[in-house]
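What TrEMBL records for this protein:
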- 111-507: domain 'Amino acid transporter transmembrane' (DOMAIN)
- 143-167: transmembrane segment (TRANSMEM)
- 207-226: transmembrane segment (TRANSMEM)
- 262-282: transmembrane segment (TRANSMEM)
- 302-322: transmembrane segment (TRANSMEM)
- 334-356: transmembrane segment (TRANSMEM)
- 376-401: transmembrane segment (TRANSMEM)
- 429-446: transmembrane segment (TRANSMEM)
- 452-474: transmembrane segment (TRANSMEM)
- 486-505: transmembrane segment (TRANSMEM)
Amino acid sequence: MATLLRSKLSNVATSVSNKSQAKMSGMFARMGFQAATDEEAGGFAHCDDLDMEHRQGLQMDILKSEGGEEGTEPPLEGDIHYQRDGTGPLPPSASKEAGVCSELSGQGKPKITAWEAGWNVTNAIQGMFVLGLPYAILHGGYLGLFLIIFAAVVCCYTGKILIACLYEENEDGEIVRVRDSYVDIANACCAPRFPTLGGRVVNVAQIIELVMTCILYVVVSGNLMYNSFPNLPVSQKSWSIIATAVLLPCAFLKNLKAVSKFSLLCTLAHFVINILVIAYCLSRARDWAWDKVKFYIDVKKFPISIGIIVFSYTSQIFLPSLEGNMQNPKEFHCMMNWTHIAACILKGLFALVAYLTWADETKEVITDNLPSTIRAVVNIFLVAKALLSYPLPFFAAVEVLERSLFQDGNRAFFPNCYGGDGRLKSWGLTLRCALVVFTLLMAIYVPHFALLMGLTGSLTGAGLCFLLPSLFHLKLLWRKLLWHHVFFDVAIFVIGGICSVSGFIHSLEGLIEAFRTNAED
């Protein structure tokens, strides 16, 4: 009886809390504030619902509607609290076929406009990793600039065809949304023989990209601090350890509401930093080394540049969730056009003017080239942004791992890492801490921002942005496609595959060599 009473009180408290959060979220939405998250590709629809959007965008195995156990209370109206123990029933409106669909489509939540959706996409493709683009120009010259334009065009196109795979024609000839995530599309392509294989492949790719993004944040934090204070007796590895110590509390996160409050401020600060870098470069326009930009490539290092450029455009992970939350999904194509055109222009200008300023002395992180008088200030802001951005991909990766390995019902590989009261068990917390330490070890032994970024872009970035969207588009809609669409899809798949394999091999070779060098030291 006492247990039942506590359960009822908990449901009532949760309902009141969620309704209050919904009001606040609606107020911020009307004011035009949206979640300003980073490029790791997580959920970007609303600041207050950031943790839920991550799970939706990544299509974790969210609770299936099984009718609930006997004696359990149905959830109160409006109560969409995420049940960590995996036993919480879905809202009554969710059917078995559309269980996740109604939640992902944004029912019961304020919809976002095309401008707000564009702001979210801009945050994803204009983040911190733009700082590595001048290094790509160093090894690619004008061809590197062409690739920045080419990647923008291709990623814009594959984003559109990925959304097209969410829709099919019903019996009445109407185009309806029958899928709600990247994972749903992948599973549909592998059905009926392997109905879950495609989703698992996509989830593995997403986990790799998220974890690598966390590693990159640790690497860039150590790199920036070391170059900001070179006179201090602290090595880059030591700075990485200090940064990880600050990040260790991420293992205790239950949601991202507290962290997401700083997202907008961090993103605006990053744009200001980019403007400062460009302003400094423009002040040295008389010394620009135009003769250094040539039509040549460094055969060994240019494939790495391809991965860097591709990784800076990754946004496909959360596009299905974003499109489902738009007030008018028909504006999605227009939104993708202007966001990628703007990204292409800004990235191209930033990379070119930065390279012209420092030419052959261009470093992996361009702010390291700034004079010491302003470098420390700029880098400290960037480190703050990196540390505040780290919890987003970390939490999303943890949720995917926990849901697939520990909370997937009878298909789980390990026991549930949450107790009956929904609290994380001690060994589950240990595994989270181990993931934080793993990102540190990778950052210590392979402290090369460009190599890690190139490897991630070549492996998961090219796969999620180039290969899989074109393959899924051909598989699901090939009977309705015009010949030029088929040509584009095949061309993107072939070119993307070649670039992905080439970039992955060269990045992996560079990482192995760097790992051996660090091990010897």
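In case you wondered, yes, glycine gets a Cβ from its N, Cα and C as well.
Note that the structure is predicted; figures quoted are calculated from it, not measured.
By the Cβ criterion (under 8 Å, sequence separation of 6 or more), the transmembrane segment (207-226) is in contact with the transmembrane segment (376-401), since 3+ such pairs are found. If you count C-beta pairs under 8 angstroms between the transmembrane segment (486-505) and each of 143-167, 302-322, 334-356, 376-401, 452-474, the highest count goes to 452-474. Using a Cβ-Cβ cut-off under 8 Å and counting only residues 6 or more beyond its ends in the same chain, the transmembrane segment (452-474) has close neighbours at 129, 132, 154-155, 158-159, 161-162, 164-165, 182, 185-186, 189, 202, 205-206, 208-209, 212-213, 215-216, 219, 303-317, 442, 446, 481, 485-486, 488-490, 492-493, 495-497, 499-504, 506-508, 510-511.
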